[in-house]
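Marked as DNA-binding region by TrEMBL: A:56-125. Annotated compositional bias 'Basic and acidic residues' per TrEMBL: A:10-25, A:104-119, in sequence order. As annotated by TrEMBL, compositional bias 'Basic residues' applies to A:38-48. Residues or ranges marked as compositional bias 'Acidic residues' in TrEMBL: A:147-164. Positions annotated as domain 'HMG box' by TrEMBL: A:56-125. What TrEMBL lists as region 'Disordered' is A:1-60, A:88-164.
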DNA sequence: CTGTTGATTGTTGTA
DNA sequence: TACAACAATCAACAG
């Protein structure tokens, strides 16, 4: 039930009227032309109306991976602080402060995430092709693939740490 | 009670 | 090629 639909449910004024942060963060990406500055940039969980049978959610980026760990640490040092934004800001700064070597493990995970994501995309890809006949999600004829293809492969990555 | 926002950056996807 | 929107989180707030 979206209280205010997708507009400004809670604080629309804040985001629509004043929001320096948006300018800068989205500025890079969205600003540019005009497209629809009013459009929501961040999904807001309320998807428009796109029903995706198996929409592969984007795995956390290297930054997110780092954030996950960072959040814990941050909370340990700032248990009082319960603002997710705080961790985001702190994490962002720290992330930039991290050395490539530190990001290496995170990037490694990110690389792996892409590999798996790519797999999921294949399934999703099929859907994209036959978007026309969108009957109803999985009816009964679509369950062809996905039969038994699950190999637990080891995730070993050679560690080449050096560089730098 | 549920939905939404806030904030970070990165990554992927689509036009 | 370039933009655009989304990915997690956690709590608080609003309808």
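One is the number of the first residue shown, and numbering goes on along the chain from there.
Note that Cβ sites are derived from N, Cα and C of the backbone, with glycine treated the same way.
All annotation found in TrEMBL is predicted automatically rather than curated by experts.
Just so it is clear, the model here is predicted, and its values are computed rather than measured.
Averaged across the domain 'HMG box' (A:56-125), the predicted model reaches a pLDDT of 84. The helix, strand and coil residue counts that DSSP assigns across the compositional bias 'Basic and acidic residues' (A:104-119) are 16 helix, 0 strand, 0 coil. Under DSSP, the residues of the DNA-binding region (A:56-125) split into helix, strand and coil as follows: 56 helix, 0 strand, 14 coil.
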